[in-house]
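> As annotated in TrEMBL:
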- A:3-134: domain 'B12-binding' (DOMAIN)
- A:140-268: domain 'VOC' (DOMAIN)
- A:212-239: coiled coil (COILED)
Amino acid sequence: MGKIRVLIAKPGLDGHDRGALVIAQALRDHGMEVIYTGLRQSPIQIAQAAIQEDVDVIGLSSLSGAHRTLFPKVIEALQERNAGDIPVVAGGVIPSEDIPYLIEKGINKIFTSGSSTEALANYIKQLINPEHSKLEQPNKIAHIGIAVHSIDQAISFYTDTLGLELEGVEAVKSEGVKVAFLKIGESRFELLEPLDDTSTIQKFLDKKGEGIHHIALEVDNVEERLQKYKQAGIKLINEEAKSGAHNSQIAFIHPKAANGVLLELCQHTEGSDL
Amino acid sequence: MTERNNWEQSVEKTIKRFPERKETFTTSSNIKVDKLYANENTDKYEEKLGYPGSYPYTRGIQPTMYRSRFWTMRQYAGFGSALETNKRFRYLLEQGQTGLSVAFDLPTQIGYDSDDAMAEGEVGKVGVAIDTLHDMEQLLDQIPLDKVSTSMTINAPASVLLCMYIAVGEKQGVSLDKLTGTIQNDILKEYIARGTYIFPPKPSMRLITNIFEFCQLHVPKFNTISISGYHIREAGSTAVQEVAFTIANGMAYVDAALKAGLDIDAFAPRLAFFFNAHNHFFEEVAKFRAARRIWAKIMKEHYKAKDAKSWKMRFHTQTGGSTLTAQQPDNNIVRVTLQALAAVMGGTQSLHTNSRDEALSLPTEDSARIALRTQQIIAHESGVADTIDPFAGSFYVEELTDKIEDEVYKYIDRVNELGGAVKAIEEGFMQREIQHNAYETQKRIEKEDEIIVGLNKFKLDEEVNPDLLKVDEALEQAQKKSVKMTRENRNQEKVNMALINLKKQAKKEDVNLIPYILDAVKQYATIGEICNVLRDEFGEFTGI
């Protein structure tokens, strides 16, 4: 596959092209072929240029407030020319309340003021070449973390009633928790008891009471995965992996990124027995 | 000590016209605050610093600076229709603003009527839509043009808007020599950074010198140009590049006017400047001081101007729009305060403070009021305006001022080697330099080598969406109807004659076009009609 070809375009009369120029340069540095239309392009001119230049994606920039009128017109002009399959991303001074309207009109994604060029470049790579940047899926559910007030009180339900095997109990001082591991098939339950009031588990219990706290996914290369998630703009709690129980490397993904579920990535390194 | 005596004498004269704001200035501890603190024994004091109101103006262009009068608080405003903007202007004047500053929408700035296909989606968005004299009459309704000075951010069609302003003045019974204000009229920075050009450089420079000449004869109190570094900085330049390219452009205008046969001391006193104020506080203060000193030297030594008024760099400042963040927008109030303070410490003549929500949309009335209040607090509560140029003599600020001056001269030399500003722009030199710095800045921010609070550090999980100003989508239709009505109700024959006449005169390179544009404007010719005549004759600039 050759280089990704991008058309950066300024629809309308807006003359502010600092953002467009910076993005053009950044995408070139990411190995893409970038064509910049220059100022004052009509939606039809932009569609024609995109077709002529055979681009993979179009980036629109407007800071003048004309986006609600002009961005959808670019989509229309592409469709009229049977080029509606060229994805269009956009940026500039776009109030957040306008974003749903623009997405509905066929813009793939809006990058507002303050977005990183890195996130944009990765988004485009993913969009054009999804196979290339796809990560292996996580191997399995490593464990399900359950917050409890007291392991001593909770444990008998799991060992006696359910009949699960208790593998061990361990204090993880850095996280302020005591942990009990119970094996179930290829996965585990992890009962979490706070060691002190400042523990995040204590805060969880205060707020929500006992219950499922997180789900941990076993992955092969946690650092690489975090890097890619970060670039794609996925909200992370830990941008770098840290040491977890049993010699593992772990990091948490923000619940906002996963429909309200706290996900943990965990990678078991050599010599870890769990 | 004769220089000091000269200054003291000019202070006495100035105070007779503009008395000091207070009989005595003191701190809270009753310590007396003097007009000026100076150590004349420092090395090259008079050569480098001098006295306020005297060459080389490092310490300011007036003998008493803000002891007599504060800077003009001039908030840039305009959106939607002329009627709506007129309301905002009258509100701002009631709130204590002391000058007007008009923002025009992009079709007006690029010489298209509101019903032109090119104008679609842009009518009334970034400023007010003005198609004909009729709109200008509404815009300035009940605003006395002999008392209020008006700054107009208009460049390629500056001559058209100036003529509309003159025509409204005449209708109010205000004679031309009483009109005060500024037109931006700085086309070179449009090619470099702002993008609202129409014609190629050569005819554009002709229109500019036509304005210089016309105003010198008829509208002597109007600032005929505001040579702008603001947009160069917004496009991503450094502080040094901002000053260097602005002064290089200024020299190109002076050269063009001299070439057209104008006398330097006849037009140079009406040249004004416009700078940005960013966050690096001391660099900004030093930048303003250095810019004044450089311009004074160039005008006196290079161009041999004799009138001291030609040496003085008078400038407007606006706080830096590109420094504002869409994230946690209230933080922008603090940024604006710092930047405004730097502009005041740098001796600005007028100031626009940005509103907190400008990274998101045009300001709401609430945000615009806070922005104005920021200036009023600096003026009335902080005491920083009670003594002149208080940072003079700071080892750091003086060193920065000298260094900026040196670096600016290096750039000016490079521009001159390329054959002057017009050539340097045509070759894309300035654009490349700015673009390079813009990209480097972006990379530093993404690597977190440069911290922007709320953007790459100290972020909030959940952003609060503030209320934003909405320009009514129906406005575009209403404005289209309005221009159509004006076209129907005017004397078409007279309009045609005025336009044909303008076309004829435009062919002759040595004719001053302003009287002919004024004539067309008075017949309610539209801005698009006038600019199209000139497009036919001059051609259009299509980018570099």
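Note: Cβ is positioned from N, Cα and C throughout, glycine not excepted.
Values in this document were obtained by computation on a predicted structure and should not be read as measured data.
Are these features on the surface or tucked inside, and what are their neighbours?
Under 8 Å from some Cβ of the coiled coil (A:212-239) lie the Cβ atoms of residues 115, 118-119, 121-123, 126, 133, 135-136, 138-147, 190, 192, 201, 204, 249-254, 256-257, 261-268, all in the same chain and six or more residues away from its ends.
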> Please spell out the DSSP helix, strand and coil residue counts for the domain 'B12-binding' (A:3-134).
57 helix, 26 strand, 49 coil
> Averaging the per-residue pLDDT over the domain 'VOC' (A:140-268), what integer do you get?
89
> Please spell out the DSSP helix, strand and coil residue counts for the domain 'VOC' (A:140-268).
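Tallied per class, the domain 'VOC' (A:140-268) gives 40 helix, 55 strand, 34 coil.
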